[in-house]
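Asker: Have a look at this one.
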Amino acid sequence: MTPRVFILYALLCVIWGTTWLALKISLNYIPPIFGLGLRFTISSIILWPILLRKKPKINRSSTAIKVYLSFSLLSFVAAYSLTYWGAQFIYSSLASIIWALLPIFVSIIAHFMLPSEPLTLRRFGGGLFGLAGVAFILSSNGGQKEVQMIGVLAIFLAVVLASGPNVYLKKHHKIVNPLHVNVIAQTIAAIVLIPLSFLLEKPMTTIWNSTSIITLVYLAIFGTVITWTIYFWLYNHISVNQISTLGLVPPVFASIIGWIFLGETYGYELFIGGALVLLGVYLIHSRQ
């Protein structure tokens, strides 16, 4: 990595590690899908002037449209909705650890879509370690509420759904501008999520106060505008496997922040399971 790429990569890890705290707090005041829709609405409003200022020539080919729609509907709408909903039932740190499984599924899908990144025995073993880590955390649920299991499964499904669009974008990143994908995908997500929230939730129950507004704005600006702009920029500078390892560091920050600000306490199962997940990701992306 060049110094510039490394700095942006590190910044992305730090910010995404803090967004779990903001997300967890916001769920106390704003229904999940409605909050997500507002998040993408705000970010889209900020990003469109930036895009239009560059006087872009947006690619409208069928392949480009598939990239926009796949990232919007599978990642921003489906995966993020499941993450928001599931985060209501589990610790913020556990949610971030489950998202650390993203590199595993990306590697599996990349094996079939990107010939330059085959799934080796080492990577396959890493995948097994990662899945074993999540299974270990789930097995420790014991007498805890069943809703925790629901939250884990929801976010696990979110990770699976988000894997495909990442590989598909990398496959076609030379024909689509990263900024275009970012703005268009978020706009589509906002258009879908706001009406959906009125069908599935009660947005009018939102509690507007300084806390809910600050967390929403933080998630929109820092957790969406800045992070996803950096994320899509990285697609032109590092491999999809390197990009997917962005799931490694945020769980560390999320665990520390959750302990300090939310009073989240952890049993040994979370640490062992989390270590297995991280070991699995390391095996996938370490050299043979």
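Cβ atoms are placed via backbone N, Cα and C, with glycine included.
The transmembrane segment annotation in TrEMBL covers 5-23, 29-52, 64-83, 89-112, 124-143, 149-169, 181-200, 212-234, 246-262, 268-285. If you look up TrEMBL, you'll see 7-138, 149-284 marked as domain 'EamA'.
Are these features on the surface or tucked inside, and what are their neighbours?
Answerer: Sequence-distant contacts of the transmembrane segment (5-23) (same chain, six or more residues past either end, CB-CB distance under 8 Å): 84, 87, 92-93, 95-96, 215, 218-219, 222-223, 226-227, 230-231, 233-234, 237-238, 246, 248-254, 257-258, 261-262.
Proximity of distant same-chain residues to the transmembrane segment (89-112), defined by a Cβ-Cβ separation under 8 Å and at least 6 residues beyond the stretch ends, is recorded for 17, 20-21, 23-24, 83, 118-119, 123, 126-127, 130-131, 133-134, 137, 145, 147-148, 150-152, 155-156, 158-160, 162-164, 166-167, 170, 240-241, 244-245, 247-248, 250-251, 254-255, 257-259, 262, 264, 266, 270, 273-274, 277-278, 280-281, 284-285.
Model confidence over the domain 'EamA' (149-284) is summarised by a mean pLDDT of 87.
Packing against the transmembrane segment (181-200) from elsewhere in the chain are residues 31, 33-34, 36-38, 40-41, 43-44, 47-48, 50-51, 58, 67-69, 71-73, 75-77, 80-81, 169, 224, 228-229, 231-232: each is 6 or more residues past its ends and has a CB under 8 Å from a CB in it.
Residues 5, 8-9, 11-12, 15-16, 18-19, 22-23, 25-26, 28-30, 35, 38-40, 42-43, 46-47, 178-179, 181-182, 186, 206, 243, 246 of the same chain lie 6+ residues outside the transmembrane segment (212-234) yet bring a C-beta within less than 8 angstroms of a C-beta in it.
Remote same-chain residues near the transmembrane segment (246-262) are listed as 9, 12-14, 16-18, 20-21, 24-25, 91-93, 95-97, 99-103, 231, 274, 277-278, 281-282 (criterion: CB distance under 8 Å, separation of at least six residues from the stretch ends).
Sequence-distant contacts of the transmembrane segment (268-285) (same chain, six or more residues past either end, CB-CB distance under 8 Å): 91, 93-94, 97-98, 100-101, 103-104, 107, 122-123, 125-137, 139-140, 241-242, 245, 247-248, 251, 255.
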